[in-house]
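Taken from Swiss-Prot as is:
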type	residues	note
ACT_SITE	His546	active site
COMPBIAS	1-15	compositional bias 'Polar residues'
REGION	1-41	region 'Disordered'
MOTIF	490-496	motif 'FYXDWWN motif'
TRANSMEM	152-172	transmembrane segment
TRANSMEM	195-215	transmembrane segment
TRANSMEM	229-249	transmembrane segment
TRANSMEM	253-273	transmembrane segment
TRANSMEM	402-422	transmembrane segment
TRANSMEM	451-471	transmembrane segment
TRANSMEM	534-554	transmembrane segment
TRANSMEM	589-609	transmembrane segment
Amino acid sequence: MGRTNTSDQLNAISDKNTKRKSLALDNEYHNNSSSEDDSSKIELSYTIPDNNNIISQETTTSVEDVLSLSSAPQNELRLRKQKSNNQDSPVDLNGVIVDVSKREKIFLKRKRQIDNKHGSDKSKYLSRFNDITFKAKSSTIFESDEFYKTDFFGMYVLFWLATAFAMVNNLIHTYFENSTPILQWTVVKVFKRDLFKVGLVDLAMYLSTYFAFFVQYACKNGYLSWKKVGWWLQAAFDGLFLFFWLWIASEYCLDFPWIAKVFLVLHSLVFIMKMHSYAFYNGYLWSIYKEGLYSEKYLDKLTNGKVTLPKGHTKNETEKVLQESIAFTKYELEYQSHATTENPDDHHVFDIDQTDKSIAKLQQEGLIKFPQNITLFNYFEYSMFPTLVYTLNFPRTKRIRWSYVFGKTFGIFGLIFLMILIAENNLYPIVLRCEIARKLPVSERIPQYFFLLMDMIPPFLMVYLFTFFLIWDAILNAIAELSKFADRDFYGPWWSCTDFSEFANQWNRCVHKFLLRHVYHSSISAFDVNKQSAAIITFLLSSLVHELVMYVIFGTLRGYLLLFQMSQIPLIIMSRSKFMKDKKVLGNIICWFGFISGPSIICTLYLVF
C-alpha cells in the first residue's frame, strides 16, 4: 500500500473518532429529533478509502508511509491531512477543525446530560441507526386487549354496524333498481381490465428489485466497492426503476387503466423505499466493517513493530486512535446485529471486553451478523416483510395463525367490494357531472364546483376510511402474519391527533419510519441543516411524491395536492402556538375538518379545473 493511501486511512480513522464523540453527545437520533444546536449535526457514515488490498499489504511500512501525528485540544490524536491524488479519500481535516471548535461548548454542555443518562463509561456510543426499534407486538390498536377494555369500544362496533346497514341499503337498491349485472358495472370493468397483465408486470417489477441484493452481493465478494461504484449504481437504478415502470403502465406502452396505474406507481414507490433502505443500510455497515478490519490489521503491525513512526510521536498516541476505532466499529456492528430484539436496549450495553476479540471471532460467536446477512434468502424474507426499513434482526412470531389470515383475507375482499359499490353508485355519477362542468365557462363552473364538492364529501369520506382499513389494517396484517413478522406497528391513533404533523406520524407508520431515517435524519447529516429545515425537506419530498400519484390518476399536472400538503406547515406552526397549547378539542376538530373535506376538495379540483 502506498504512502498516500496509508496516510488517508489513518487520517480518516482519526477524523471519524472525533466526529463520533461529537455525535454521541449532540445527535441522539433515538429521540426522533436533533439537538438544540442543529448547526452542529454531523454524519457518522464517513467511510475510509475502499481498498481490497488493505489486509494483504506488505508487512513493513517506511517512515514516509505513516502520517505525522499531533495532539488535539481534547488530548485526542489528530492527523494532518496531506495532499493526495486519491479521489476516494473522505477526509477534510480543515472542516473537522472547524466542526470541533463549534462543538466544544456543546460538548461540555451535554457531557453531564449524557453521563447521567448512560453512565460515565467511555465505551458508550450512539449508533447512527438507533432511531427505529422493531418490537414484537402481534396485535394492532383495534385488536389489543386494552382497546376491548375501553369504554369507547362500543363506538367502534357502532361504526361498523352503521356501515353495514348503509351498505346493505345501497346494495338492495342497486340490485332491484339497477338492471346492470355487477360484473358489467363501469368501475368493475375498469378494475378487471388487463388484470392478468398487471399481475405479470407487478411480478417483473418485484423481481427487478433484486438488483439491490446483487449489488451488495458483489460488494461482499469483492467485485465492486460500495463507496466507489455501488451507491452510484443503486441511486441511478432507483430513479430508473420508478420512471421505467411508470412508462410501462402509461398510454405510451401498455396503456393500463387508471386503477392499475395507481396500483403500480404506489407499489413501485414501496419497492424503491425497500431497495434504498436495504442498500444504504448495508452500505453504511460496509464502511464500518472495512474500517474495523483495517484498524485491527494496522494495530497488529504497530504492536509488533512492523510500522515505524515519525520522530517526536509516540506509539501510544497511534494505538489510542486505532483502539478507539476498533471499539466503535465492533460496538456498531454488534449493536446493529442485536438492537431489534424483543426487549431492545436503545443504547445496547457494549461489553468493553469484546474489543479484545477480533471481528472474525465475534462473527463466529454470532455477535456480529454482518456481512453474513447478505444472502438471497435474507433479501427474499425482507422483501416479504411489511416494512420499508431494513435491519439485521427483525422480531418474528413462532407460528402462523391461519384463522387470523382467513379473517383478514375476508376483510380485504369485503372492503374492496364495499369500495366498488360506493364508487359505482355514488362517486361515478359525480365524476360524470364533473366532466360536464369542466366544459363550462369559468364563471359557471365555479358555482357548480361547490355543489359537486358537497355531494362528493360523504362517499369520498367512506372510501377514505375504507382505504385505511383495507391497506393498513387488513392487507399489512395479513402479510405480516403470513411472513411471521411480529411488529404490527402499521398505524397509530391518527383519529385523535391535534395537528397534522402528528397525523403524518400516525397515519402511515411504515412510510414515517422510512422518511424519519432516510430523509429527515439524512438531511440533517448530509446537508448540515437544522431540524426545521429537515422537516420541510421531508414534507416537500412527500408532497412531490403525492403530486406524482395525482398526475398518474388524472393525467394533468396542477399542483393542487402539493399546495394543500405544504399549506399544512403553517397549520402545524399555529397548532404549536400558545393560543392552541391547551385546546386539544379544537385541534382535533381542525384535523377532522381537513380529513373530511380535504380529499374531496382536491379530487374535485382536479376533475373540474
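Positions of Cβ are set from backbone N, Cα and C atoms, glycine also.
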His546 (active site) CB neighbourhood, other CB atoms within 10 A:
15
Leading stretch by Cβ pairs under 8 Å, where the reference is the transmembrane segment (195-215) and the options are 229-249, 451-471, 589-609:
229-249
Tell me if the transmembrane segment (589-609) touches the transmembrane segment (402-422). I count contact as 3 or more CB pairs below 8 A, with pairs 6 or more residues apart.
no
Could you give the number of helix, strand and coil residues in the motif 'FYXDWWN motif' (490-496) as assigned by DSSP?
3 helix, 0 strand, 4 coil
Cβ-Cβ under 8 Å with the transmembrane segment (589-609): same-chain residues at least 6 beyond its ends:
431, 434-435, 437-438, 445, 448-449, 452-453, 456-457, 460-461, 464, 495, 497-500, 503, 550, 553-554, 556, 558, 560-561, 564, 568, 571, 575
